[in-house]
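A.B. asks: I have a structure here, written as structure tokens, and I will follow up with some questions on it.
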Amino acid sequence: MVEAYVTQEFVDKIIQATRGSVFDLSGSLFLAFNAPILLIAILAVAHLIISGVEDFDKKSIKKPGFRLWTFPVLVDGPFGVVSAAEFIGIIFFVVFVIWAMYAYTLRNLNLFTEFEVPDLDKGRFLLEMTGLRMGMLGLLCLIFLFLPVSRGSLLLRLIDIPFEHATRYHVWLGHLTMMLFTLHGLFYVIAWAMKGTLVKEVLEWKRVGIANLPGVISLLAGLCMWVTSLHPVRKDYFELFFYTHQLYVIFVVFLALHVGDFVFSIVAGVIFIFMLDRFLRFCQSRTTVDVLSAKCLPCGTVELVLSKPQSLRYNALSFIFLQVRELSWSQWHPFSVSSSPLDGKHHLAILIKVLGKWTGNLRDSILSMPETEQSKEEGKVHMASSSSYPFSGRSMSPLVGTGNNVWSGLYVFTSTVGFIVLMALLRIFYIKPYYVSTWWYLGLLLILCMVASVVIFGGVVIGLWHLWEKKVSAKVEEDNDRTKVESVANKYSQKNVESSTIVQYGTRPDFKEIFATTNRKWGNVDVGVFVCGPPTLQSSVAKEIRSHNLRRQLHDTIFHFNSHSFDL
């Protein structure tokens, strides 16, 4: 209980220091739980600019060595392949959850004596207190839940977490968060039923205190997202998952109405970062690209070669989001870039596995075009001519902020300052003079200030950023010869990949022999291994990499495991 005491003492000191200030108690909680996250996000800008870690044109020579993110520790189990860094994170998070539940349980037991609860009411009281603790623990998990889906945030880029891994963390945290919130609601429902006031309590919407009905609405929205995000549903009914997941707006807004601005301040910072990401992603999604080449390969994969925006930068693990309006006006699908950033300035390539309705419609659209046939060892390849595409200008969005670190940092900093200014003005000229004290209304005002600061202050920066990019692009000499661009794209897709690819049919490669051969050839160097395939394939490769790295000598190669999945 020493840790719990220290944490509470720290929060109490912040509350005492800010009591009577413009932001009052809500500002105290926001400062305690969110100031470190926002500060790290802003400092990440300076680090990325100074270090130049995202300058793909510069080659850096590093001494070969183990990396926690690419060294597989667990290769079989419910979590799939887990790296050393992920394993450490899982252990710390599990310990945190167990410690928090233990501390909350002891606190609940102490409340019996503090409030002198009658014996007949102890069961109901314990249910309500346990439900309260589950809700608070769910809020703490919610802080971590929104960080991975801020896909291009400076925090993720600072620690260099690939998009695919961030998605996996979001799934894990989503299950845990919704389990806690479900228990939170369930314990209260049982307690209210025992008291005989279930309907009254569920429909209650207090002016001061926790408003129950908004909490019920928020929980129902969360449950809909949770059920439809389960893997069988997401895989076979992606559209249902996609559209239901937009209920996150209802979930967040009614959560703020449920707990008010004071408690909502605990998670306001990370939700603000998520808003920054979503708005910038929306603005960047206005970029359109042309389809230079489209193929349907016999293995059931579609290859698209797209014109590349001049400002787009990517590496071997980058994802882009693609929208084809002829197929859907609202759906954006993530795809990993299969071409090298060194292949050319005018194009990039993606490989799309046909798994669902959207990708199936994309394949059918390509197959319906006039074709040019090419003989291949594995069969026929349907290649559409460039002049026959039913979709010529498609919207594409890179991960947020990849264009320029300075502008990304200015966007985050300006929006954050704008949020603080708006909250101060709102409290000085409206909340305090008119004695606004309704909890749910204050929570709504907090949400509105967050949105307004992103759109108004952040929007100005994005507008200037866009004008700057247009000015820079105008100074860069561009090759507008479409034929040359297409020949470069075809050269990539037909020659470069084939000349560097070994295709083996009928059996799985001997990974042990492949790694041994690479080790004998290259010696003490870092070698990245990219695996794309079913979980069993990833486990086999990860197991061999782990075995080789553990028994390696000083002069041997160090292999680094990286995975790509067709089904996120």
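Glycine is treated like the rest: Cβ placed from N, Cα and C.
Because TrEMBL annotations are produced automatically, they should be read as predictions rather than curated entries.
Because the structure is a prediction, the values reported are computed rather than measured.
According to TrEMBL:
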TRANSMEM  29-50  transmembrane segment
TRANSMEM  79-104  transmembrane segment
TRANSMEM  125-149  transmembrane segment
TRANSMEM  169-190  transmembrane segment
TRANSMEM  210-228  transmembrane segment
TRANSMEM  248-276  transmembrane segment
DOMAIN    284-397  domain 'FAD-binding FR-type'
TRANSMEM  406-429  transmembrane segment
TRANSMEM  441-465  transmembrane segment
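What's the neighbourhood like for each of these?
C.D. replies: Same-chain residues lying 6 or more positions outside the transmembrane segment (210-228) and placing a CB less than 8 Å from one of its CB atoms are 174-175, 178, 181-182, 184-185, 201-204, 234, 237, 240-241, 244-245, 247-248, 250-255, 257-260, 439-440.
For the transmembrane segment (248-276), same-chain residues at least 6 beyond its ends with a Cβ under 8 Å from one of its own Cβ atoms are 25-27, 29-30, 33-35, 37-38, 41, 139-140, 142-144, 146-147, 149-150, 153, 155, 210-212, 214-215, 217-218, 221-222, 225, 411-412, 415-416, 419, 439-440, 442-447, 450-451, 454, 458.
Within its own chain, the transmembrane segment (441-465) has Cβ neighbours under 8 Å at 26, 252-253, 256-262, 264-265, 268, 271-272, 275-276, 279-280, 283, 403-404, 407, 410-411, 414-419, 421-423, 426, 431, counting only residues six or more beyond its boundaries.
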A.B. asks: Six or more residues out from either end of the transmembrane segment (406-429), which same-chain residues have a Cβ under 8 Å from its Cβ atoms?
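C.D. replies: 22-24, 27, 38, 41-42, 45-46, 49, 154, 272, 276, 280, 400, 445-446, 449-450, 452-454, 456-458, 460-462, 465, 468.
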A.B. asks: Cβ under 8 Å, sequence separation of at least 6 from the ends of the transmembrane segment (79-104): give me the contacting residues as numbers and ranges.
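C.D. replies: The answer is 1, 3-4, 66, 68-73, 130, 133, 136-137, 140-141, 144, 165, 168, 172, 176, 535, 538-539, 542, 561, 563.
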A.B. asks: What parts of the chain pack near the transmembrane segment (169-190), using Cβ distances under 8 Å and only residues at least 6 beyond its ends?
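C.D. replies: Long-range Cβ neighbours of the transmembrane segment (169-190): 79, 97, 127-128, 130-132, 134-135, 137-138, 141-142, 144-145, 148-149, 161, 198, 201-202, 215-216, 219, 222-223, 225-226, 229.
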